[in-house]
Amino acid sequence: MKTLVICSGGLDSVSLAHITSQKYQLTRLVSFDYGQRHRKELDFARAAATRLGVPFHLIDMRSIGGALSGSALTDDIDVPDGHYAEDTMRITVVPNRNAIMLAIGFGVAAAQGDEAVATAVHGGDHFIYPDCRPGFTRAFETMQRAALDGYADVRLHTPFVEQSKADIVRAGAAHNTPFAETWSCYKGGDIHCGRCGTCVERREAFHLAEVADPTVYADPDYWSAAIAGREAE
């Protein structure tokens with residue numbers, strides 16, 4: 001299956017790229033610059049494409065991202081600290097982001113003769129991000145089949161949609177994903193902050209997967225307090 005992978009440069013999508021390269025025919029990685037404050041993630045996506053020997057397509061969505069206002073990822077709004085499932089994390093939603101990116105991905109796949117678009121949405125995303133849930137991915141694939149009817153047959157591949165981030169860590173480790181060469185932190189500093197929702201989720205995933213975490217965090221211990229606080233609610 002000739003598969004295009006939507007790759008942010010994060011742990012999930014880079015793991016998916018490595019898994020896809022071994023299980024299917026990885027054709028290309030597609031990334032998006034939508035004006036995110038953690039734009040450095042794109043360097044990790046580019047490095048993954050180089051490592052895996054496939055073309056890297058960087059789509060400039062900055063003008064679109066500028067119109068999708070109100071998110072801590074694109075506006076001058078502080079990224080909150082805490083557990084990834086807390087309501088405060090809703091400020092990190094970029095409206096319709098995945099739908100827009102997937103639509104472009106399907107267009108690229110159709111133009112290039114690919115058979116599938118793979119995205120690393122997973123169970124941990126369901127709390128906050130509606131365009132990561134199974135209902136959305138099923139509906140989106142139906143829409144795309146109608147949009148490309150008679151022109152191209154491209155499927156949506158979402159192997160992690162019902163899995164946890166810990167499951168992704170285990171699968172990534174089994175396929176030799178270099179986790180140190182991935183970026184998750186939404187704050188986009190020199191190193192992972194260890195306090196934002198994505199850092200907490202990343203640290204917890206390695207712990208639950210019982211896989212060594214090579215990540216350097218500015219606050220390496222905060223995650224456990226965030227998890228404990230959530231469980232106490």
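The backbone N, Cα and C atoms fix where each Cβ goes, and this holds for glycine too.
Since the structure is predicted, the reported quantities are computational estimates derived from the model, not experimental observations.
Now, the feature entries from Swiss-Prot:
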type: BINDING; residues: C7, S8, G9, G10, L11, D12, S13, V14, S15, L16, A17; note: ATP binding site
type: BINDING; residues: C185, C193, C196, C199; note: Zn(2+) binding site
Minimum Cα separation from C7 (ATP binding site), reported as the residue among binding-site residues C185, C193, C196, C199 that achieves it: C185
Fewest-neighbour residue among binding-site residues, criterion Cβ within 10 Å, set A17, C185, C193, C199: C193
L11 (ATP binding site) versus C199 (Zn(2+) binding site) - Cα distance in angstrom: 11
Rounded Cα separation (Å) that holds between A17 (ATP binding site) and C185 (Zn(2+) binding site): 19
Close in space, distant in sequence - L11 (ATP binding site), Cβ under 8 Å, 6 or more apart: K165, I168, V169, G172, T177, F179, T182, S184, R202, A205
Closest of G9, S13, S15 to C185 (Zn(2+) binding site), Cα positions, binding-site residues only: G9
